[in-house]
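Features as listed in TrEMBL:
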- ASP467: active site, 4-aspartylphosphate intermediate (ACT_SITE)
- ASP467, LYS468, THR469, GLU584, PHE625, LYS648, ARG682, THR762, GLY763, ASP764, ARG880, LYS886, ASN910, ASP911: ATP binding site (BINDING)
- 92-156: domain 'P-type ATPase N-terminal' (DOMAIN)
- 933-1188: domain 'P-type ATPase C-terminal' (DOMAIN)
- 353-373: transmembrane segment (TRANSMEM)
- 402-428: transmembrane segment (TRANSMEM)
- 1004-1022: transmembrane segment (TRANSMEM)
- 1043-1066: transmembrane segment (TRANSMEM)
- 1086-1103: transmembrane segment (TRANSMEM)
- 1115-1134: transmembrane segment (TRANSMEM)
- 1154-1173: transmembrane segment (TRANSMEM)
Amino acid sequence: MMDDIDLRDPQRHGSYPRQASFAQQSFETHGHGEPDARPSKMTCDPMGTSASAEPDTPAHGTLTRAATALGNFVHSTLERRDSSKDGAERTIYVNDPIKNQQYKYIHNRISTAKYNVATFLPKFLLEQFSRYANLFFLFTGIIQLIGDLSPTSKLGTLLPLSVVMLASAVKEVIEDVKRHRQDAEVNARYTKTLHGSEFVPKRWRDIVVGDIVRIDNSGYFPADLILLSSSEPDALCYIETSNLDGETNLKIRQGLPETSHLLTADAVARLNGVIRSELPNNSLYTYEGMLRIQTKSLPLDPMQLLLRGAQLRNTQWIYAVVVFTGHETKLMRNATAAPIKRTKVERMVNTQIIFLFTILLGMAVLCSIGALARQLNGSFEKQILLSGGSVSKAWIKFPQNILTYIILFNNLIPLSLIVTMEAVKFVLGGLINSDLDMYHEESDTHAVARTSSLVEELGQVDYIFSDKTGTLTMNIMEFKMASIAGVAYAETVPDDKRVRVDEKGNEVVWQTAFSQSSFDINSNVMSFKGYYDFRQFKESKKTHRNGNIIREFVNLLAVCHTVIPETDENDPTNIIYQASSPDEAALVKGAQQLGARFHTRRPKSVTITHDGREEEYEVLNVNEFNSTRKRMSILCRAPDGTIKIYIKGADTVILERLGEQGKEFVDITCVHLEEYATEGLRTLCLAYRNISEDEYRRWAAIYTKASTTINNRQDELDKAAELIEKDLILLGATAIEDKLQDGVPDTIATLAQGGIKIWVLTGDRQETAINIGYSCKLLTVESSLIICNEETHFETKDFLEKKLLAVKAGMGMGAPSRRPGFLDRMLGKKTPRFDKDAEVDLEPLALIIDGRTLDYALEDDIKLTFLELATLCKSVICCRVSPLQKALVVKLVRKNVDGSITLAIGDGANDVGMIQAAHVGVGISGQEGLQAARSADFAIAQFRFLRKLLLIHGAWAYARMSKLILYSYYKNITLYLIQLWFALDNGFSGQTLFETWSSLSSYNVLWAVAQPIALGIFDQYLSARMLDRYPQMYRLGQRAVFYNHKVFFSWIGNSFFHSAMIYYLWRAVHLPSGGAVQSSGRVSDIWAIGQMVYATDLVVIGLKAALVADIWVKFTWVAILGSVLLFIIVFPIYAIIGPMLRISPELTGVNQPIFGNPIFWFGLLLFPIAAILRDFTWKYAKRTYHPSSYHIIQEVQKYNIPDYRPRMEWFRKAVTKVRMIQRLKRTRGFAFSQNESGQAGLIRVYDTTQRKPRG
């Protein structure tokens, strides 16, 4: 939460260097007192956003100057250049647009698109040619144009490559147009800006720095603004920053007292002044500037800053001046250019293309050596061509022959692979977009695959890094239960906890499994009769012997807080509570449920209506909450004149401050607290006591002195509060539910079964995060917590090393590390320290670490120790972390855990860093303008949809892409290896067996294109129901079972076998007869024989596709059978038309020797069966005698075998509660989300009885 973060703490904004604040710096003025055009140096720009370049020293040289000029041109083209000139500040004139124009600040248009007109071509070509396959085909196409090197058509490679690149370009354009449309919608919104002395509508894109805007309630801020005045007292306003940090609780901002009187358009129009502002940067939580009005210089800080993307709430209107626009706003500064992400599968494809190129080069060299030997020693050359023995000519032709054979074998690397992958991924992304199971009806939001090129990465995720607030939880608090004077009350009482009545009408006493002591509602006897609902509570206030305790409990909830009530203009009977935290609002609403309605706040009092009677409490002092005190208290004078102290806080701090007379209900209250915490509720203890006038007078003097202390004021105030917060009387406890998003616990538990480790990176307090961890099943009853809260570097290092040694001792082994393999050493690959797939026999561990300690843990000499310990844990929770720390944690895992795939999910701008640092970024959408969703690769409306996105869509995509890639390799190598076998028979002449256009060029774009598409789009190795029921199947993707180097080489070996079978079977038919296989006895030419071999290859690869397909749909039938039928129908037509058009003269007269020959049909039927028989036998043996896990689940799916596992859940649940209570008795925390300090002063300025100005 933004207000929870100490703005003075450098770790909260990435430990950027800080210089003197604006308030400590003087302004250089000249002329009529106006600021100098070249201001003095001020705060440094942490992101280096200043437009001033590095000094042009000789060391930089001409190249550096050229690069700088090119960089300036690109920035100008992108319209994202920094508008500041040479200084380290920017100057903004209020109500003087002419002077502001001289600085040429950038416009307010924003663009989150990947390309624009100027950058599309260079960025697209760079991305495409970073793929080795495209680079190879470009090289091949170029050498094909050289002289007579090519045995095939000169455009046989470049033309198909152009088609492939065009298809990829179309796909990129379609995806980017969607982003441009979203940007256009945002840029076209309207807001009111000051023109003359009135506010008129103006589009967001037209807003400029220096404009004064009016934002009405529920409006979004179009740019970064400085608050001038508002409808609230002292220029206060409330904002919601869910678009920035995912927090839905309201935060307070306050304008300067010197501008708070500007309540009309005329008054604002008369304002003249100058704002000196820091340069644009990406720190959401800091701001330094100064407003100069006449001769007064007023410092500006984050309390006056309203960020683009935030929303005005519960405030009728505000006036504000624009300081940053467009891509200079802090929101957009956090939205850095999306990095180009490559999937694990794509990286492996690049590596294997190098292998294939090595094989291709070896084949070319081998054939060239054969040609060289023939030219030097062949009898044909010596006796017929009379060229034998010409050593010089033979060696000159040797390198030319190598290039010729590279061209001949170039399609060993499949040309269509990349475009087929892109097309299939685009379709798979469309399937995600149209999945109704991931559609959120309440917000009318469907899942969006913003970057479809990463779909298969969803099937291999090892680590999930999740934000908490807004991602796991809804940040909506509800008052659920209360323990008052030892009696348990609940809003909704579960059936198994209701008070039971026997046949005589008496309430039955019963014992719980977790305690042998309870409290009777009518006596001091320790017995427990169950829960009462809130309706019975009202009766208890009147009849219970502890009725006075019950009334004090309710009064405390209604009085002890910093909430401000606002009457709804549309419904005067409805009161809207403005609270700095959702906990505070929930407690006040809980008091209203229990009969005490808080409705009026004045600077020195609050008024409530309790059971129909209006009561006014004079607020004397407020001792505010902070993380050290873990409590807040208020001293007030009750309507009867007595002075009371009401206090609420963590049970650990309240219970130790009870007096002897106040411990009557301690035991039973602790029992209730344990039960509340078991259910993941946020708990607080409530206490009070009466204070005499004399004691208060003495204490007030101490408090007043502490409040005026210059140094260590907060410490002195805490000491003063300690003096009065004693001898308390326990009233009871409250339980608030921090509502989880639907399905979060089941989703986390299911993902954990799938082998995914989940780390929560949150800005919340530690106690809150731990409680939510148990609620959402991230932490289980078996988990042992390792809590790391150290104050120094050396303490952190010592703690982590000791814990790591203890864990290793428990394992009896070292950390899970991985030794480098031969392939890694050959490629010079650095070996990460940790193996993600290592199995460790260890009790479940959970590491909890706070943000300050994490700063030390991420330092170079500790980070690997921290990571080693973290990888041994089932889950990790990092609390109070900054956006930079989130990104650093993700990068630490990504770089040092071997082969790991990371996924980051969040919903605010503070999550953008980790979303972009992870392999896959997922944003939570559903609220307008959420920055995380706009910067992510995938967007979903609810965390629970991650289950289907990964376990089903991800698993399918990985398996489909694996088959598509392997099959694409297989079909190309099978065909083009035939050219190698033919080269052995043709004397290495470089002659091709196949015609260029009908066979070679059309192979990957016509005859053999449908089979891999069918496998890539429609194949399912398991149904969605089975993948969801058995999440363990997800480990197949994590361990790269379907696609790895071993599988790749097995498919390559199979290609060698099939190509040899096809060629040599047909060779065996033709060789004995000298090629005379026609019924007339005539000899078939090379092109007729080649087309027979080619047709057989199509049938073989079709049968192979049929063998590996796990599911058959209509398109599968069409793809496999249709490709062969299409060739048989279309090729004879082309063989007639092609020669007529002089495109393929080689095919003249080939129809009769092929299709009129019974031997062709005989071979077309038998030879594919002979070739594929080995594959069928192997598949049968594998599934029968050595089945994989998914083979077994396929059988379960096929025969609908019932699953008896749910019955075991009853046995597991029987001991869960007992274990949970045992843990809670060892350590029980609390959750209190009230903002630290600063609230007491704010509530003193409010008088809700006064009418607000309309502006």
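Backbone N, Cα and C atoms are what each Cβ position is placed from, and that goes for glycine too.
Automatic, uncurated: that is what TrEMBL annotation is.
Taking CA atoms as the reference points, ASN910 (ATP binding site) and the residue listed as 'active site, 4-aspartylphosphate intermediate' are 9 Å apart. The recorded stretches the transmembrane segment (1004-1022) and the transmembrane segment (1115-1134) share 3+ CB pairs below 8 A when only pairs 6 or more apart in sequence are counted, and are therefore in contact. Checking each of the binding-site residues PHE625, GLY763, ARG880 against ASP467 (active site, 4-aspartylphosphate intermediate) by C-alpha distance, the shortest gap belongs to GLY763.
The maximal spread of the ATP binding site, taken as the longest Cα to Cα distance among ASP467, LYS468, THR469, GLU584, PHE625, LYS648, ARG682, THR762, GLY763, ASP764, ARG880, LYS886, ASN910, ASP911, is 33 Å. Helix, strand and coil counts under DSSP for the domain 'P-type ATPase N-terminal' (92-156) come to 27 helix, 3 strand, 35 coil. Counting other CB atoms no more than 10 Å from each candidate's CB, the binding-site residues GLY763, ARG880 peak at GLY763. All protein chains considered, the CB of ASN910 (ATP binding site) has 28 other CB atoms within 10 Å. Of all Cβ atoms in the shown protein chains, 27 besides its own fall within 10 Å of the Cβ of THR469 (ATP binding site).
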